[in-house]
């Protein structure tokens, strides 16, 4: 029997479910956006631990806690037969029964709470805390909050893992930048800014999940995804599984990968997921430039960090990309390029044939499996009850601290887009009309990638549990064109002091495998809002969902008194919205995306990856958009007023020689360009009557270096907690050397001599100018892209 046939027989015997279903249907993935994959679920395998006390491995090096993790993993893998080795190259690994090595599931989810866990029906381990979607959390501009959320998720994940109900590797965070306003998964990301926001989110989330910066004992393994150039699902029939994204070296370096550099170099992420799409003709999971030249040789990916394919993307290297001549070649191309573990069954089914045909070697396959098990060693998988996190239990899941932080994230992220003084509601308001498809929601609060929550508070729930008299009417559905519910809605509005409409978009319109074709309010929601606005009563609109919709008609309608963006606010979302509306809490979130006018979606194809304006493309993201947005990136109103001023010493340095900057000592920093160029320090005074948090975005702009020039770019952000009226507080935002560099056409980060400007927020409340002198200098060298591996 050949090696290939032997492996297939073993797989069918061990895993009669998912792994007995190889991809032989040959779906047309050029138009189908979902992989034909039925992965083994956590619920159907035994997630126990190896017995290093009395089991077959107890006397081997893998159970020796004094040995190096790599050596322990290598010793384990060296004991595998070839068939056993191949069996353990997929996300659903059967382990090695003869060695007492249990099955293992690589694929767990932790985007904003536990998902793909084996939840019980009731009682212990039946739920986990559900935080807001990342797009809303990032809008809070609070680094500490991101880290707290990730830390809690990791704690709860380890508690579930200790009873065999969750894995130790999580497919999170999603750090792709939200470039296209129509992208269905933009809700999962930290917004449209790659260099500053996505990178900061990556750092805080990864270090929270993993328990620090490359700790000796990993808490969980985070997976930075999707690497790289992935930001469409199925736009106009262009499937994510077959998209070939044409990206210049300049924008690949400037926009599509800097967050992955931070994830690898600074946060020391231990796993990276290669994406479905191809870039410049090469599928990401078969792209040695991405996975070796950039990730490992340039970005400094940890030595035993492993690359996981997105689910079935190794198969997609053949179908639909046709980069490889057949599925066996796709498996060989992917492993040789640096994709260590296959989320799917392609490796498990086709490595035998690839080995027989001498397209792969045992050493190439071992490399990936050793990397996976090195991380499991670092996670304490082989350490028995002595594992650092083995004492976490259900009691560590049931904590009001986690619930409070979920609520806090929702409150801090909510953005006040428009307000004429109607909010916060006056004390005299007694009755409210609650209308719209988002008013009485449950799991819709959670967005996507979620598990059961301990509770879900809808806006209707929250108001019903307050002192208001509530008149509720559904009104209309998200995408409905029926007006059958209008009369009931108008009736409820007429007998109320204030009208609140909650609508927008949801996961029926934006989701994984689903992009929008427009950025307008769907259905007849605007028609109903317009009729409500004619009743002569205060009207508040809650615009919900991850992506933005064109709310220009609401912005210009004087009878729409207030407009709030609430994202997907999680388990306490309704309470958070109530508390903002009533003034118990004050809004301070800022948009981390641009709200474009509706015609933007029709001007150029979403598959155009170029950010810089050209042809019919008016430019993408706040950095390059040449049109007039409905609401700018960074927009957000307060219930109070603030005054920002420089301390005024007049002694701060405003001229810097480039060569002096780059030759100075840099203790505490791995690279000199990570050092602060200057500290932007301002005094913030609450000049109004309401206590409020204050949020700031610091932008840079220049005409130094070659044209075209971006409008501006984000170099820092911060949040001050609860500033009382007439009180002042100092805020300092470090501006690093790297943050004022620009990217040349070859992808290099360059410091150019010339005049620069730093401006606080969109309103430019404080402006600081400085000059760089000397000679231009490359501070980050983008490696020359070479020919990729030849297809097998």
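From the backbone N, Cα and C atoms, a Cβ is placed for every residue, glycine too.
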Among 36, 142, residue with annotation N-linked glycosylation site (source: Swiss-Prot):
142
Going by Swiss-Prot alone, which of 91, 326 is annotated as N-linked glycosylation site?
326
I'm trying to understand the geometry here, so how far is the Cα atom of residue 477 (N-linked glycosylation site) from the Cα atom of residue 440 (N-linked glycosylation site), in Å to the nearest whole number?
11
Does residue 404 (N-linked glycosylation site) have same-chain partners at least 6 apart in sequence with Cβ under 8 Å from its own Cβ, and which are they?
none
State which of the following glycosylation sites has the fewest other Cβ atoms within 10 Å around its Cβ: 118, 142.
118
Can you grab the distance from residue 440 (N-linked glycosylation site) over to residue 518 (N-linked glycosylation site)? Cα atoms, rounded to a whole Å.
26
For residue 440 (N-linked glycosylation site), what is the secondary structure by DSSP, using just helix, strand and coil?
coil
Could you check which of the glycosylation sites (246, 326, 385, 518) sits closest to residue 118 (N-linked glycosylation site), going Cα to Cα?
385
